[in-house]
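To start, the structure itself, in structure tokens.
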Amino acid sequence: MSEMSFAELGLDAAVLEAVNAVGYETPSPIQAKSIPALLAGHHLLGVAQTGTGKTAAFALPLLSRIDASTAEPQILVLAPTRELAIQVAEAFTTYASKFRNFHVLPIYGGQDFGPQIRGLRRGAQVIVGTPGRMLDHLRKGTLKLDSLKALVLDEADEMLRMGFIDDVEAILAKTPDTCQRALFSATMPPQIKKVAQTYLKDATEVRIESETRTVERISQFVLPVYAERKLDALTRILEVEPFDASIIFVRTKAETTMLAEKLSARGHAVAPLSGDLNQRQREQTVEDLKRGKKDIIIATDVAARGLDVPRITHVINYDVPYDTEAYIHRVGRTGRAGRTGKAILLVTPRERSWLRTLERATNSPMESYQLPSPTDLQKMRVQQFETQLLAFAEDGKLPKAIALLDEIAERNDMDMAMVAGAMACWMEMAQPGALPLEAPEALPEISAAPRRDRKGPPPGKKNFRKGPGKGFKKDGKPGHRKGGPKGKPAGKGGKPPSKRPAR
Ligand code: ADP
Ligand code: MG
């Protein structure tokens, strides 16, 4: 990460305010390099892979240069797919949230022309779209580029791969000569180079290179996971990994507190660590981690810089880092003082290319992480429960407890198995985050791994509690536990409502 702050980059005040509201702590490397160049009006050629923060790298400076008093299209962004166009349009809307009378219009194929034409007539300062449909509008005359100030080609190599390069060039040819241009691409195939040479003469070039460094003593794992399953994956990892202390990296300050709340509700001793805390609070948090008052820290890259806590055994990259340097720094928070450490990286399908980049950069392979199956989890939970139970069987108070329970059983015509069962249910409820006795919910697909055979969740919900006693509920169904609906993050069901994060 760069040492620079967004405030130093010279962005428009309203844009800066929006960025602060989103919670970005510092500019990513490509942002730190691209923003000044684009603010200065230069063409820009940016080479960096997915997830490095390219959208803000062009959106923030270009929005800073806009003339908000007119509704004519001033920024045009070409993206390879409808999804990416929508994503970029949403990002622009966020970054322009402090502007008044401001409109961002996504335009893509597969949607009726009607709403798009009405949107264009109403006026939008930023148009984001796929090349084919954009060209249609230019030819129809429904989209005019006379006031265009900037054109961005986002994911240029993807557009080439999808066969849009001719459309892209046709659009480029129709933009005013005075128009500022930016081209972003993960790779630089010859055709893209040619486009750059023709249309982006004297462009400032920004490359986010991967550098090579060895990460010794740290075993690295990767878990492909759908974005909406990340929390499920994380809670399972934390349940099965025998960690002493763990640090979890996320991208935004807001996410450090959000995730900390969620894990805390699941019974973990966890604290956020971000630039939102003052120096003293940060030191206190690190101290708590060192002394074992906390076991998990949710951190941003900046806040965790230089963190040296020997008991950190695990680094979990919940969000992918911006560059290989950040990754190497992150995983270096474990394996301190000659110990070994484990690093686990969660990647969503669109971030999967990180895998090879990081392997190259660290010069060591990443193993694919195997999430425990529901059956494995169940076994572990039973074992843990048994261990804890046995520990109390030696307690000096045991005879008194037995006498009391005998009395209660007698009075209520229960047998001891029933009493014990009831107590187990009570304990489970009374300890938020305590491992449920119930077999884990047949979780929906967590892993987004395409290749290996995924073990499907077992059909239906099993309940291991049906054994423990004659007097136990006959249908074997848990009494108080509802169990989260399928598709909802695990852990939502069955927690005492008061312990849920208030949101
Ligand atoms: P790319 O286009 O390089 O694939 P995106 O622009 O889509 O990357 O950004 C990826 C993610 O990173 C988005 O969720 C975005 O909100 C987030 N992000 C971008 N810049 C920052 C920043 N400076 N700090 C924190 N998060 C950021
Ligand atoms: Mg992008």
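Placement of Cβ uses the backbone N, Cα and C atoms for every residue, glycine included.
On a predicted model such as this, the values are computed, not experimentally measured, just so you know.
Secondary structure counts, DSSP: the domain 'DEAD-box RNA helicase Q' (4-32) has 18 helix, 0 strand, 11 coil. Taken from TrEMBL, the feature domain 'DEAD-box RNA helicase Q' applies to 4-32.
Residues annotated as domain 'Helicase ATP-binding' in TrEMBL: 35-206.
What TrEMBL records for 230-381 is domain 'Helicase C-terminal'. If you take every residue in the domain 'Helicase C-terminal' (230-381) and average the pLDDT, you get 89.
Sequence annotations record features per position, and here TrEMBL assigns region 'Disordered' to 445-503.
Residues 39, 46, 48, 52-54, 56-57, 60-61, 63-65, 94-99, 206, 208, 251-255, 274-275, 300-303, 322-323, 325 of the same chain, all 6+ positions outside the motif 'Q motif' (4-32), place their C-beta atoms under 8 angstroms from a C-beta of that stretch. What TrEMBL records for 4-32 is motif 'Q motif'.
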